[in-house]
């Protein structure tokens, strides 16, 4: 008999139920729909009837998975009518038992456990994001947050630690301090080892105390090193998972180092979790402008017809940080910039950009189209990749360290802190269009942007008649993900006057100027999606496999041949080789032009 998963949604119910009764045909399951009367109106209530052929018995399950009634179908000449009567009787008894909830409040609770609560990610991102969701009223009415890590700490000490990183998005917002106090009262702590069944069992007992008999939905956020993912998942799954609600686990990158280790990690996780319980987080997919990418394309007629090789000459995905590893070199040296940024953040954005129109906005439909893009990509040639590493540089009397000056980095390390690559998609829409990626640390600025450079105007009338620069007859769409989120389109126009001189101007949508509301942090969106079961912005296992299949051969060749990176000064625009790579494909990096 197939297992029946409990629904995410639960509702309070009253004693007057039947407004409609509609069986749905099926061998083993039939869905029954009722309307439950409440002071707020009529609410739909879905039940599932499960028939057991061998015994002839039928069980009716509530939305929360609880059995309402068991009956023998042979005992009733009209089994559906008999079941209906039994269900109504059982629901009336249940309503009397639970008590009428005239306010319609949910009888479920969400328990969020941050595993690795004493780490930087938890302190700087996860707890502040959870507080922001609470402040905006986005968390369920009944929720509890537990920090879990090896550090010895009390509830009060956790709250003191967390309180230092909490802020309201806009200063002096009403009731900010009061909201913080309310939020911190919902935060608790349990110390334990990540591989201890006993410690997770103790956590389970504490969670149950706070859940107070409600349907328990549990979310575990693994903010821990990848080498202990599986141990923590095993313990959480076997000793602290929900017995009557859902259990979900958010896994932070890196998801392995290559195809082999990624597949092994996925296989190990699936020993204890189903695929739909695993939420692989890439926080860049939660950024506002990345989310707006699909809206921009699919809801504006002026863009969608141009979204192909016929009009687009190249696409650039640019990521830069103006700081180095600075103490995190030990972690970074094991992965490098290609694994850290390109294989996940930039490749995920590329897949969203290049995908075909999905059937719907459903998570599976979108992820299906992204996988098709990744599987259509041409293997990356090592000749189409430039790697670099920042070196020491003195500017304004200040000396900035080289990557290998970091005490946590092995001397003589060849790990790249910069990479540029040209990628191609072998399908009808994008054949021949170079997709350029560039990512680096210790560069001249901090930014992340998508640049779409359109083809030259055919015939270039103004170049022929006035001698204007050829590039003045092209357009560029820029989506600035960070900082100062914006979308702008570069167009050509005539400079006022008697002559015929062209100028480039921007049609600019600067978010801070257009919208008074501050943009939510990416972690807020992703945490809320995980709580609500929305998987659109999380990475499916076949997406991950396709991404690693693309980059693993390149990484092996670079590392096995010990390719020496091109050195560039701290605070510069990166190695010169990146410009030669772009020129090779008849492209100029958009972020180096005068007007940018």
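Including glycine, each Cβ sits where the backbone N, Cα and C put it.
For the NADP(+) 2 site, Swiss-Prot lists 438, 480, 488, 489, 490, 573; matching the candidates 451, 455, 525, 540 against that entry yields 451. Cross-referencing 253, 372, 411 against the D-glucose 6-phosphate binding annotation in Swiss-Prot, which names 283, 284, 285, 286, 287, 321, 340, 441, 446, 482, picks out 253. In Swiss-Prot, the entry for N-acetylvaline among 60, 373, 398, 592 corresponds to 60.
Look at residue 321 (D-glucose 6-phosphate binding site): DSSP puts it in coil.
Ranking the binding-site residues 284, 488 by the number of CB atoms within 10 A of their own CB puts 284 at the top. If you take the Cα of residue 321 (D-glucose 6-phosphate binding site) and the Cα of residue 480 (NADP(+) 2 binding site), they are about 14 angstrom apart, rounded to a whole number. The separation of residue 168 (disulfide bond) from residue 253 (D-glucose 6-phosphate binding site), Cα to Cα, is 27 Å. Looking only at the binding-site residues 120, 321, the densest Cβ neighbourhood within 10 Å occurs at 321. Counting in whole angstrom, residue 176 (disulfide bond) lies 21 from residue 122 (NADP(+) 1 binding site) by their C-alpha atoms. Comparing C-alpha positions, residue 441 (D-glucose 6-phosphate binding site) sits nearest to 573 among the binding-site residues 118, 122, 490, 573. When the Cα positions of 253, 283, 284, 285, 286, 287, 321, 340, 441, 446, 482 are compared pair by pair, the longest gap among these D-glucose 6-phosphate-binding residues is 22 Å.
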